[in-house]
4 protein chains.
Amino acid sequence: MAGNSFGEVFRVTTFGESHGPALGAIIDGCPPGLELSEADLQRDLDRRKPGQSRYTTARREPDQVKILSGVFEGVTTGTSIGLLIENTDQRSKDYSTIKDLFRPGHADYTYHHKYGVRDYRGGGRSSARETALRVAAGAIAKKLLQQQFGCEFYAGVMQIGPHCIDRDDAAFDWAQTHENPLFMPHADIAEATGEYLRDLLKQGDSIGARVRLEVTGVPVGLGEPVFDRFDADLAKALMSINAVKAVSVGDGFAVAAQRGSEHRDEITPDGFVSNHAGGVLGGITSGQTVIAEVAFKPTSSITREGRTIDVHGQPQTVVTRGRHDPCVGIRGVPIVEAMAALTIVDHWLRQRAQNADVWKYGKS
Amino acid sequence: MAGNSFGEVFRVTTFGESHGPALGAIIDGCPPGLELSEADLQRDLDRRKPGQSRYTTARREPDQVKILSGVFEGVTTGTSIGLLIENTDQRSKDYSTIKDLFRPGHADYTYHHKYGVRDYRGGGRSSARETALRVAAGAIAKKLLQQQFGCEFYAGVMQIGPHCIDRDDAAFDWAQTHENPLFMPHADIAEATGEYLRDLLKQGDSIGARVRLEVTGVPVGLGEPVFDRFDADLAKALMSINAVKAVSVGDGFAVAAQRGSEHRDEITPDGFVSNHAGGVLGGITSGQTVIAEVAFKPTSSITREGRTIDVHGQPQTVVTRGRHDPCVGIRGVPIVEAMAALTIVDHWLRQRAQNADVWKYGKS
Amino acid sequence: MAGNSFGEVFRVTTFGESHGPALGAIIDGCPPGLELSEADLQRDLDRRKPGQSRYTTARREPDQVKILSGVFEGVTTGTSIGLLIENTDQRSKDYSTIKDLFRPGHADYTYHHKYGVRDYRGGGRSSARETALRVAAGAIAKKLLQQQFGCEFYAGVMQIGPHCIDRDDAAFDWAQTHENPLFMPHADIAEATGEYLRDLLKQGDSIGARVRLEVTGVPVGLGEPVFDRFDADLAKALMSINAVKAVSVGDGFAVAAQRGSEHRDEITPDGFVSNHAGGVLGGITSGQTVIAEVAFKPTSSITREGRTIDVHGQPQTVVTRGRHDPCVGIRGVPIVEAMAALTIVDHWLRQRAQNADVWKYGKS
Amino acid sequence: MAGNSFGEVFRVTTFGESHGPALGAIIDGCPPGLELSEADLQRDLDRRKPGQSRYTTARREPDQVKILSGVFEGVTTGTSIGLLIENTDQRSKDYSTIKDLFRPGHADYTYHHKYGVRDYRGGGRSSARETALRVAAGAIAKKLLQQQFGCEFYAGVMQIGPHCIDRDDAAFDWAQTHENPLFMPHADIAEATGEYLRDLLKQGDSIGARVRLEVTGVPVGLGEPVFDRFDADLAKALMSINAVKAVSVGDGFAVAAQRGSEHRDEITPDGFVSNHAGGVLGGITSGQTVIAEVAFKPTSSITREGRTIDVHGQPQTVVTRGRHDPCVGIRGVPIVEAMAALTIVDHWLRQRAQNADVWKYGKS
């Protein structure tokens, strides 16, 4: 009911505020028998963690995760897994001046009206800091999927402001996402975008981004129509990430201009001829690569003055100094992967509940 | 787990195949005391029902809904509401020739692999016929929201193929959606698009569409972060509709090119100055108009021959004659409204569970 | 949230009032591939249906169930199953005199205060008439369990007022439950109890009952600690039946006087030596026979005058004439079986979600 | 799905093994605005904690709880509450000798078959140590109920082996439960039972117990028929406690011998005349005192030798030395209170979701 859980079988529940003593998660429903160590989680956490380049917040958090239960002698036991990350670099004083203000574009206004009280330090619960636990949980999901199906996750920034990457560009290369701090799959565009961002930082402004995800190896048969379709739950998963404003699967909004004869993916004995659908038919995965894109809005924490009101309804202006990302979409990349992995694992396990007997046919 | 339910408090569960004896739904969690009759549901059902114009399937179904429980002396009692719609115009023989084929772009392939058996007549459960019950349930949700908050729902087709409507066009007019069979909020473009569709029908092809939704009167405070955000659940609701491939809130994918100084909606004592966010901040409704758009893919049931395989893996070609919509996005309009209404009502009731005491502040 | 659903994977949702046009259910999550016909459901419905002996209500309902979806060519398809039973023998006039009264021992008082409005005819939603759908759904669950594990369900009335059956009595015989209208597993005691009931009917009074259930063939490994233990969910399932006031597993309340050396079931290479636990250890089934007992209160619908108040708080007396069972525990027998079957099937399918890989070891 | 969560609105999810580094819980759905400190939770934890008398395990754990989120400046904020209790007194070596044995009466056998792997130290997840978090969460629930409705919780041990307390005994006194280490509401019987237990300890045996609960102040209207009745969910809550084998509400199993004229609680303008129902009618609370009883089995960890098998199926004998309670029902008392409080709070909040408008009438 209250919404701090994700998934039905592989269920992740999180807690923690930006400036509280710690954040944590419980994962309930992880199958037993998976080899798992804290290092498995740390790899993805390190990709998300702040303070790694000039393009992300200067806050420095080691984001060291501890596994408190559910793993015995290096193997998951099927019982609930407790995760904990302690906060170490909270500078609460940065925020005291905006205690009574509703920063425009932030959740201050809505949290205030919904809950009556709120932890205003660093956005409290509404801070993207909670996504650290999504990434930790997602790392477990990814390991399961890699072992079970050989799934591979590819994600990167396709657009930042005017700088766009074309998926069909000959220089497009997923491997590049590990080579530049913008997680962009195109070396030249990444470099040009870096310059653009440095200029933007000088102006005290921020910018939006578009992130693309491709997952290979997802088996046919995942998704529970008519409401819990795979793509519907994936859309929810991705839209639940801070700052995301749009989600598409396959050709996305471009389908509004496509004809049926152009869009439908024909099938031959060698498999599907194309993948306009993005790996989902009738809400169920088809065995093709799952393709999705999301748009991240520009962060509202900028040093350019904006108009707002305070809790008493009085007009105010606000400038957010603190430590903030100029483009939150960049650090969004591992979060997009994590949420996709959680969605796939959950639907894999859901599928087994009702259809475990069919499953063997499903894979052939 | 199996996915035939939507919502947590106002929970709709549906059943029914395209060519079975009947379709039905149970709504559990409707508050008691709402005046309700079958006529309240029929209005929206009539907007969705087939056979109303040359642009929709020639199947003729009265889609007459019966209320079987949960209403006593014209008023809801708080107990579960049973709804039933009998199928009357099933022509199963139309479909026998494609019994063993996986029609490209359809769910045949994935249902076959997921369940092992399937009702192949008219798509069975994967047919958009199930959306009749979504519309019936959504009509109850809309009535609740209209009575409680004065919410108004506006939805229409913004794009069909090359024909696009600009929201800022002086001739844009929501009232037009009731005046043309394409539910387009622009008289001239609707007329041009009609011509385009007639031509397309002659070619035996189909086309995608983009639908826009605006809901006024939604109160501040709906949404349950961090996962069950209002926009995340709305995205799921809309993506769960047959043929939808993309969902956006507010400015959607355009935010990837926006700056923070441009995107953030400033606040003055008179309220928000703009609505780039589409009525949601931090996953919680802000009291502004909720804005969303979705893309419908072109139906794959066309008379242009396509390649596919049969259940034995042998190559085949398929031509879908039956009775089909050339543009499923058109009849999608009332379904979009219904799914949005179900999302809003559910979050309204969820909000009351935890925050009923705060609610009074929330509205001021 | 509203409570008209049972189960997480094999999920039953019901609707219908005692005197409405029809009752129905949707079963979501039934595995595909099960042969199923209306006759499979009718057998158990006929055991529960009213009007079969002088010991049950004189209301005569054929309780003919229709399957409206989810079954194609005699086999379940994995999509949601719609069930419908029309009401045919409603005599609403019987109830008009008690429209404003809170019959003592009934749900009138609590429904009035909870919902504000209520269908007062025959108890409306609070009537045991809704249990017909539990029995129909339970019949599907039993068929699945019989096919998959060879489970057998034994249930019978062990006590009616002063007449008690000892499980260790040499004349105890489950087969007898099909031979006498009281579903008692003991021929002589059934006959004596029949006399007792005839006398009670003359006095216009009613009596409680205790029902015992034994299920063989339940595999080891069902149950999801620490909260959704198998016995916890079984207790909920049984306590959710109208008029049930107590539930026990294995030795039940007798364990309060047992020593550890007496209670613990020792194990040898041939299996468990005893079954004080009733087939559950640590909330997980052990592979032994599942044993439970429940107590049914006497119906409050009797012709002996009782004091009450009306909706205005004024003192009244009430005599319930209508058509009522003198001992609701008798017809409770198939309902107890049904709720147990639903619990077992649901936990079997839940087990598969997380532990499908382990399952193979689990059965050896 | 995996069962480590309890409740739908006020939802508690727990993790932690007996000998892991820590146990923890997340409470999602606690209303904002409640004053809350760690001391509020510690009071009940101290009542449950081990090592307090000769009748409970010699393990010494401070059971110091930390609140990691969801509380800001002493007040709940409506976001998820993280709780942590570190384990300090784990003596894992005690358990290594029984690593491959299935201790009779324990969950070793069923965990092994369900999960394939298990943390055998001190019972791992199946240890009653997890109930510490139930008590911590229950303390929050009790505080909410005390503030909102003035609810009072009374619970005590009514029976240990042959020593029984009669609820109508003139010397019955709830206050006595705070005066003796057995939590018995009768001074003389508590003393006699103490002697009995000392003798039992010498014999290396254990004994069962019966615990009674009464809660005053529960408002009318809680419970969601037809499946999620208040008593059904209470039964589940109580049966989910380690070692509980039976649950009754009101007169419990005694109703099998009661007549309708005797059982039904008549109503006068002054209220109900009696309370055989235990505060629940038709699955909904009536405003009367909620009454329940549960039976705890004797612990199976005794020093009397028992037969069992090992994981290889070979016959073995086992003697459990470790540190164990001779009567787990004693420390069960605060756990029974906690689970009842969690059930009541959850149903109170559920009631508000659907019926918040009716509520005002409901209380009058």
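Backbone N, Cα and C atoms are what each Cβ position is placed from, and that goes for glycine too.
The NADP(+) binding site annotation in TrEMBL covers A:ARG48, A:ARG54. In the three-state DSSP reading, A:ARG54 (NADP(+) binding site) counts as coil.
For A:ARG125, A:SER126, A:SER127, A:ASN242, A:ALA243, A:GLY282, A:LYS297, A:PRO298, A:THR299, A:SER300, A:SER301, A:ARG323, the entry in TrEMBL reads FMN binding site. Using a 10 Å Cβ-Cβ cutoff, A:LYS297 (FMN binding site) registers 30 neighbours.
If you look up TrEMBL, you'll see A:41-60 marked as region 'Disordered'.
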Folded-back contacts onto the region 'Disordered' (A:41-60), same chain, C-beta under 8 angstroms, at least six residues removed:
67, 83, 85, 89, 131-132, 135-136, 138-140, 142, 181-182, 194, 197-198, 201, 323-327, 330-331, 333-335, 337-338
According to DSSP, does A:ALA243 (FMN binding site) sit in a helix, a strand, or coil?
coil
Is it possible to get the count of other C-beta atoms within 10 angstroms of the C-beta of A:ARG125 (FMN binding site)?
29
Give the residue from the binding-site residues A:ARG48, A:ARG54 that has the most other Cβ atoms within 10 Å of its Cβ, counting over every protein chain displayed.
A:ARG48
Binding-site residues (A:ARG48, A:ARG54, A:SER127) in Cβ proximity to chain B, threshold under 8 Å:
none
Taking Cβ atoms only, which of the binding-site residues A:ARG48, A:ARG54, A:SER127, A:LYS297, A:THR299, A:SER301 fall under 8 Å from chain D?
none
Reduced DSSP assignment, A:SER301 (FMN binding site):
coil
Reported as an integer number of Å, what is the Cα distance between A:THR299 (FMN binding site) and A:ARG48 (NADP(+) binding site)?
16
Non-local Cβ contacts of A:SER127 (FMN binding site) (under 8 Å, 6 or more apart, same chain)?
A:GLU17, A:SER18, A:ASN242
Among the binding-site residues A:THR299, A:SER301, point out the residue whose Cβ has the most other Cβ atoms within 10 Å, with all shown protein chains included in the count.
A:THR299
I'd like the number of other C-beta atoms within 10 A of the C-beta of A:ALA243 (FMN binding site), please.
23
Please report how many Å separate the Cα atom of A:ALA243 (FMN binding site) from that of A:ARG48 (NADP(+) binding site), as a whole number.
15
Does DSSP put A:SER127 (FMN binding site) in a helix, in a strand, or in coil?
coil
